Amino acid sequence: MSDLSSNRLPNRASRVTNQALSAIERFLHIEALSGVVLLLAAAAALMFANSEYASLYESFWHTPLGFNFGHFTLSWDLHFWVNDALMAVFFLVAGMEIRREIHEGALADFKQAILPIVAAIGGVCLPAIIYFSFNFNSGQIHGWAVPTATDIAFALGILALLGKKIPSNLHIILLSLAIIDDIIAVLIIAFFYSTNIDPSGLVIAIAGIALVLFFQWIGFASAWLYILPGAIIWWGLMVTGIHPSLAGVILGMMTPVLPTRTLIAPLTILSNAMQILQEKNTKTDLHHISTALKKMRKGQRDIIAPVTRIQKALHPWVAYGVMPIFAFANAGVSFANFDLSSDKSFLIVLGVVIGLFIGKPLGIITASYLAVKSGLCRLPPQMTWAGILLIGFLAGIGFTMSIFVSMLAFKDIVLLDSAKIGVLCGSGLSALIGLGYGLIYIKRNKKASHSSQ
């Protein structure tokens with residue numbers, strides 16, 4: 001530490017802080033672009049499902065894939081691997097997002113978090129009530145949670161199309177609302193769509209959680225080591241009867257939000273490595289250069305919290321890989337056998353479409369208005385009720401999360417396809433109206449700013 005200048009640590013700490021602050025910008029950028037990829041994947045699925053290759057499309061996702069470990073065989077079809085295994089990675093990233101937001105984001109300050117929490121609750125309750133009211137007599141009420149979800153990638157993608165004239169607070173509230181929506185969706189899946197609970201599986205899951213805590217206590221920093229306890233939790237939840245993909249949420253919520261060490265040690269490592277590289281005799285000494293670079297990588301890893309480091313690494317893979325694959329595997333709805341003359345199918349479609357397209361924005365703006373008028377919270381700076389309505393329309397884009405819930409709610413293929421069609425129609429309407437209303441919102445804001453000048 002003696003040869004470390006007095007202002008070097010603060011300067012590096014400042015750069016680290018700036019990197020942390022830019023994390024949300026990277027998140028929004030990735031989510032916005034991935035919305036386009038998701039749309040293309042869904043369009044491709046619909047095209048295949050309604051073409052001469054429909055049978056090939058269906059048979060492909062039922063192709064068995066398995067592994068042999070001695071006398072132990074593990075085999076499921078591709079559809080299962082996508083929906084139950086790959087989606088665990090999605091929920092892992094979602095769990096990390098929730099963990100970070102609770103620790104240092106918009107959900108860290110309860111007063112600041114009240115508005116998106118209340119808005120999210122309103123945006124879940126009213127769509128569920130609307131769906132329930134349409135399907136109460138038809139006996140298909142178990143699909144009530146389908147229109148309650150929000151697809152964060154699509155919602156932020158539409159917001160990105162509107163450009164930089166949208167207030168930053170609107171981005172933050174939409175992101176916070178979507179994350180709270182994810183929390184509610186996880187709770188709904190765990191408590192309402194988990195059947196035939198087997199307590200023996202809980203023992204396995206708890207053993208996996210205990211192994212995570214043991215690894216953290218020992219100080220294991222490599223994310224690869226946590227695949228084993230994550231797999232144990234996944235298996236335990238499946239045996240229990242809870243959807244195994246929720247293992248990702250558990251693992252994500254357990255990821256540390258603080259660096260494993262204080263900043264002084266890794267910053268010192270970085271400083272020493274820089275000094276080695278600056279020495280003249282290292283310019284041609286590959287061994288010293290390699291040593292210095294290894295030290296820099298170690299210092300960089302230790303300076304970043306595990307939740308930030310792992311989420312940054314996984315997020316692009318989830319956004320551009322896991323979610324488009326999920327969309328391609330599940331958005332393929334055949335219109336050939338779809339019959340709106342069936343009361344059950346028609347009411348499911350109607351409940352989902354109106355729940356997403358009308359229930360979401362109406363629930364969000366009503367709950368927000370009541371919370372503000374009662375004094376429970378207040379609108380953030382630069383935020384208007386027009387902005388809250390825009391958030392409501394964008395939150396009506398359920399797409400991937402709504403499809404995921406519909407697959408848990410409906411086992412009958414005809415009813416499942418009806419729910420999926422409702423999701424696609426409701427999400428599409430919400431996206432179009434959200435984009436159109438967003439353009440009007442920008443023009444009004446521009447006129448208001450000119451008149452104020």
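Any Cβ shown, glycine's included, is placed from N, Cα and C.
As recorded in Swiss-Prot, the features of this protein are as follows:
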- 27-47: transmembrane segment (TRANSMEM)
- 78-98: transmembrane segment (TRANSMEM)
- 114-134: transmembrane segment (TRANSMEM)
- 143-163: transmembrane segment (TRANSMEM)
- 172-192: transmembrane segment (TRANSMEM)
- 201-221: transmembrane segment (TRANSMEM)
- 222-242: transmembrane segment (TRANSMEM)
- 249-269: transmembrane segment (TRANSMEM)
- 316-336: transmembrane segment (TRANSMEM)
- 346-366: transmembrane segment (TRANSMEM)
- 385-405: transmembrane segment (TRANSMEM)
- 421-441: transmembrane segment (TRANSMEM)
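Using a cut-off of 8 Å between Cβ atoms, the transmembrane segment (346-366) and the transmembrane segment (222-242) share fewer than three residue pairs, counting only pairs 6 or more apart in sequence.
Comparison of 114-134, 172-192, 201-221 by number of C-beta pairs under 8 angstroms to the transmembrane segment (385-405) places 172-192 first.
With a cut-off of 8 Å on Cβ pairs spaced 6 or more residues apart, the transmembrane segment (78-98) and the transmembrane segment (201-221) reach fewer than 3 such pairs and are scored as not touching. Beyond the transmembrane segment (201-221), the same-chain residues lying 6 or more positions past its ends with a Cβ under 8 Å from any Cβ of the stretch are 228-242, 247, 250-251, 254, 256, 260, 301-302, 306. Tertiary neighbourhood of the transmembrane segment (172-192): same-chain residues 24, 27-28, 91, 94, 97-98, 101, 105-107, 113, 115-117, 119-121, 123-124, 145, 148-150, 152, 155-156, 159, 242-243, 246, 249, 364, 380, 383, 388, 391, 394-395, 401, 405, 408, selected by CB-CB distance under 8 Å and a gap of 6+ residues from either end.
Within the same chain, residues 106-107, 141, 143-148, 150, 173, 176-177, 180-181, 184, 347, 350-352, 354-356, 358-368, 370-372, 376-380, 388, 391-392, 395 sit at least 6 positions outside the transmembrane segment (114-134) and bring their C-beta atoms closer than 8 Å to a C-beta of that stretch. Through the fold, the transmembrane segment (316-336) approaches residues 30-31, 33-34, 37-38, 40-42, 44-46, 48-50, 54, 57-58, 61, 78-79, 82-83, 86-87, 89-90, 93, 153, 399-400, 403-404, 407, 417, 420-421, 424 of its own chain, all at least 6 residues removed from its boundaries and within a Cβ separation under 8 Å.
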